[in-house]
Amino acid sequence: MAGALRGPGDADWRAEIERRVRGEVLRDAPLAPRTAVRVGGPADLLVRPADPGALAALLRAVRELSVPLTILGGGANTLVADAGVRGVVLRLPQGFGEEARDGERLVLGAGAPTSRLWVRAHAAGLVGIEFVAGIPGTLGGAVAMNAGTKIGEMKDVVSAVELATADGAGFVPAASLGFAYRTCRLPAGAVITRVQLTLRPGDVAESERIMQADRDGRRRTQPLDRPTFGSTFTNPPGDFAGRLVEAVGLKGHRVGGATWSDVHANFVSNLGGATARDVLALMRLARTRVKQRFGISLETEVRLVGEFHAEDLEGLRA
């Protein structure tokens, strides 16, 4: 891996963070097994803070030491560079932050698995969150990318989020986050720690039926038998990225250990031993061919994290 970053004025910034922050702190931690697609190099330092106080200490430390901070949720929708990630990679553990219920509002920790949010909702007799049943990753990551399906998205149910910075933490209304298709605007350096969902009382049995139908549809149309980060490109207005990638003859096309799925052409599957460079080669090829044939510039939905070579990113920029 590339040499670990060094913080200004500190011979070993990692030792300083280890000293200040309570929780799990791992040097040169492999990230591939912590992502859905099982690709990527190590983090200089991977931190899972023990509690909100430990997170506050971490955020102050990275600011004072000028160390980059990358937030990694459940590893879905993420491609980590083969060279890894410099600085600190932050993961919030499940159960991080106090949970609460007030009528139709649930407050849950950002580390909660997205696909299991319905369990908390149904236990409270609430519905309206059926779309999350098949979404991998964590609640915080789902909010950050406004994750969703054809039956709903996070902006439909999020009413407020708690943001932590080096200066403190507090709830902000969802309206201030500028939710849009597969994105939202988070303040620089802010970490989502808790999320307030506003749902509605309803028929839990009917909600379960809707979720099961959605799961069944995903199993039929998505490559869930191999590691994948989910949709690679966002759908352009009035069309579907998978249709376009298939139309230019790339469905099932392979580079190294990665392939465009022969089940759904907007999904890249790891056949075993894939590298980030393999995945990026597939993405560049698809974007180039679609642009040449249809005049459409596909936009990446997957989040690129870490130290990528400039040549690997050529052809992926707008």
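Glycine residues also receive a Cβ, built from the backbone N, Cα and C atoms like all the rest.
Swiss-Prot has this to say about the protein:
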type	residues	note
DOMAIN	39-202	domain 'FAD-binding PCMH-type'
ACT_SITE	Arg182	active site
COMPBIAS	214-223	compositional bias 'Basic and acidic residues'
REGION	214-235	region 'Disordered'
ACT_SITE	Ser231	active site, proton donor
ACT_SITE	Glu301	active site
Task = Translate the DSSP assignment of Glu301 (active site) into the three-state scheme.
result = coil
Task = Count up the helix, strand and coil residues in the region 'Disordered' (214-235) according to DSSP, in that order.
result = 8 helix, 2 strand, 12 coil
Request  = Could you pull the average pLDDT for the domain 'FAD-binding PCMH-type' (39-202)?
outcome  = 95
Message = Rounded to a whole angstrom, what is the C-alpha distance between Arg182 (active site) and the residue listed as 'active site, proton donor'?
response = 11
Request  = Compile a sequence-ordered list of residues in the same chain as Ser231 (active site, proton donor), six or more apart from it, whose Cβ lies below 8 A from its Cβ; state 'none' when nothing qualifies.
outcome  = Asn77, Ala241, Asn266, Phe267, Glu301, Val302
Ask   = Taking every protein chain shown into account, which of the active-site residues Arg182, Glu301 has the largest tally of Cβ atoms within 10 Å of its Cβ?
value = Glu301
